[in-house]
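**Q** As listed in TrEMBL for this protein:
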{"type": "BINDING", "residues": "A:LEU20, A:ASN27, A:LYS156", "note": "xanthine binding site"}
{"type": "BINDING", "residues": "A:ALA128, A:ASN129, A:GLY130, A:GLU131, A:ALA132", "note": "5-phospho-alpha-D-ribose 1-diphosphate binding site"}
{"type": "DOMAIN", "residues": "A:46-157", "note": "domain 'Phosphoribosyltransferase'"}
2 protein chains.
Amino acid sequence: MELLKQRIREEGHVLGDKVLKVDSFLNHQIDPVLMMEVGEEFARRFADAGVTKILTIESSGIAAAMTAALKMDVKVVFARKKKSALMNEEVYMTKVHSFTKNETNEVTVLKKFLGANEKVLIIDDFLANGEAAMGLAHLVEQAGSEVVGIGIVIEKAFQDGGKRLRQHGFKVESLARIAAFTDGQVQFVEECVQA
Amino acid sequence: MELLKQRIREEGHVLGDKVLKVDSFLNHQIDPVLMMEVGEEFARRFADAGVTKILTIESSGIAAAMTAALKMDVKVVFARKKKSALMNEEVYMTKVHSFTKNETNEVTVLKKFLGANEKVLIIDDFLANGEAAMGLAHLVEQAGSEVVGIGIVIEKAFQDGGKRLRQHGFKVESLARIAAFTDGQVQFVEECVQA
């Protein structure tokens with residue numbers, strides 16, 4: 001998605017050889033116009049998947065998931081990293097380790113919002129090691145539903161999450177795929193490789 | 001906002017005399033179509049406030065804040081309850097106590113995304129004791145900016161947050177104001193009282 005890559009080039013900050021900060025438009029400050037474009041692109045890429053529900057994880061996945069849900073005319077559920085005191089009902093739970101935050105969260109979703117026989121599109125802001133996406137897929141599996149796709153805003157293709165998810169058979173669509181950070185610059189995976 | 005009240009009547013679950021669960025469309029599962037209507041209503045109510053930025057708090061405020069930001073053509077920043085390992089820059093910080101979760105969080109926003117001389121609209125999903133909104137207002141104050149309004153999706157008008165914020169001089173607009181829960185039913189504040 002060229003518009004997204006352009007914003008990453010203009011506003012992204014590379015830290016070391018693994019970290020990209022895009023907190024000016026994606027995961028702290030949010031540019032709602034860009035997010036609408038992102039949602040539209042997800043809707044286009046998964047138009048034939050028969051999506052009935054979108055699943056994401058708080059907090060940074062919510063904006064992109066919501067705009068995609070709007071365009072696809074479905075509802076979105078965000079899994080919680082911390083169980084709310086109000087969630088006194090049955091949940092599906094899985095553990096997700098965050099390397100960025102160096103912590104493991106018990107990620108939950110209320111059973112009543114993730115029924116059986118749904119065709120679920122998982123959406124998240126970043127894909128690195130694939131921990132979050134695998135965790136969300138595990139919740140969908142527990143519910144007896146099917147993951148029909150995984151939509152990622154930015155994939156760090158030099159880490160193994162994408163490979164792991166694709167080997168698992170998931171259709172993964174990433175709107176920007178990063179091959180490497182070279183001298184503080186973002187190198188994107190060539191489009192021809194992406195196909 | 002009649003559409004919102006209707007959804008609360010249809011899908012809200014009253015627990016005891018203080019708690020309303022609206023997790024089927026607002027703060028766990030999200031109805032993106034309703035959220036667009038909510039954003040539009042906020043944009044209408046604060047059309048003359050000269051809003052330059054929207055501030056909310058993760059996670060449940062993000063959906064409504066983003067749609068309002070889209071309609072008002074501004075960016076939205078969500079304050080974080082837990083400092084990201086990537087937030088190695090200067091932040092504004094305030095403490096916010098959550099009665100629902102019975103915990104106090106250090107809520108932060110990166111200084112670079114909350115500059116001076118902004119006209120900030122604060123948006124959140126619920127208003128009860130006013131802790132979160134007061135905390136966000138405190139962040140805006142630290143930044144040397146002005147809170148031009150506080151937009152709330154659901155106000156529990158029988159708790160003192162709304163009174164506290166209005167006495168402080170803030171313009172508070174709540175799209176649904178709840179007077180009481182009577183026999184498990186939601187009683188809304190009459191519109192004529194709201195003016």
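Keep in mind that glycine also has a Cβ here, set from the backbone N, Cα and C atoms.
Computed from a predicted structure; not experimentally measured.
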**Q** Say we define neighbours as other CB atoms within 10 Å of the CB. Which of the binding-site residues A:ASN27, A:ASN129 has the fewest?
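**A** Each of the binding-site residues A:ASN27, A:ASN129 was scored by Cβ atoms within 10 Å; lowest is A:ASN129.
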**Q** Which residues, sitting 6 or more apart from A:LEU20 (xanthine binding site) on the same chain, put a CB under 8 Å from its CB?
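**A** Within the chain, A:LEU20 (xanthine binding site) has Cβ neighbours under 8 Å at A:ILE8, A:GLY12, A:HIS13, A:VAL14, A:ILE154, A:LYS156, A:ILE178, A:PHE181, A:VAL186.
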**Q** Rounded to the nearest angstrom, how far is the Cα of A:ASN27 (xanthine binding site) from the Cα of A:ALA128 (5-phospho-alpha-D-ribose 1-diphosphate binding site)?
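**A** Their Cα atoms are separated by 15 Å.
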**Q** Starting from the Cβ centroid of A:LEU20, A:ASN27, A:LYS156, the recorded xanthine site, name every other residue in that chain with its Cβ within 8 Å, sequence order please.
**A** A:GLY12, A:VAL19, A:LYS21, A:VAL22, A:LEU26, A:ASP125, A:PHE126, A:ALA128, A:ILE154, A:ILE178
**Q** Can you work out the mean pLDDT of the predicted model over the domain 'Phosphoribosyltransferase' (A:46-157)?
**A** 95
**Q** Using a 10 Å cut-off, grab the number of neighbouring Cβ atoms around the Cβ of A:ALA132 (5-phospho-alpha-D-ribose 1-diphosphate binding site), all chains included.
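**A** By my count, 28.
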**Q** Using DSSP, what's the helix, strand and coil tally for the domain 'Phosphoribosyltransferase' (A:46-157)?
**A** 26 helix, 47 strand, 39 coil
**Q** Could you name the residues, excluding A:ALA128, A:ASN129, A:GLY130, A:GLU131, A:ALA132, of the same chain that surround the 5-phospho-alpha-D-ribose 1-diphosphate site, i.e. Cβ within 8 Å of the Cβ centre of those residues, in sequence order?
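**A** Along the chain, the qualifying residues are A:PHE99, A:LEU127, A:ALA133, A:MET134, A:GLN159, A:GLY161.
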**Q** Can you tell me how far the Cα of A:GLY130 (5-phospho-alpha-D-ribose 1-diphosphate binding site) sits from the Cα of A:ASN27 (xanthine binding site), in Å?
**A** 18
**Q** Give me the CA-CA distance between A:ALA132 (5-phospho-alpha-D-ribose 1-diphosphate binding site) and A:ASN27 (xanthine binding site), in Å, as a whole number.
**A** 15
**Q** Please determine which of the binding-site residues listed here (A:ALA128, A:GLY130, A:GLU131, A:LYS156) has the lowest count of neighbouring CB atoms within 10 Å.
**A** A:GLU131
**Q** Given A:ASN27 (xanthine binding site) and A:ASN129 (5-phospho-alpha-D-ribose 1-diphosphate binding site), what distance in Å do their CA atoms have, once rounded to a whole number?
**A** 18
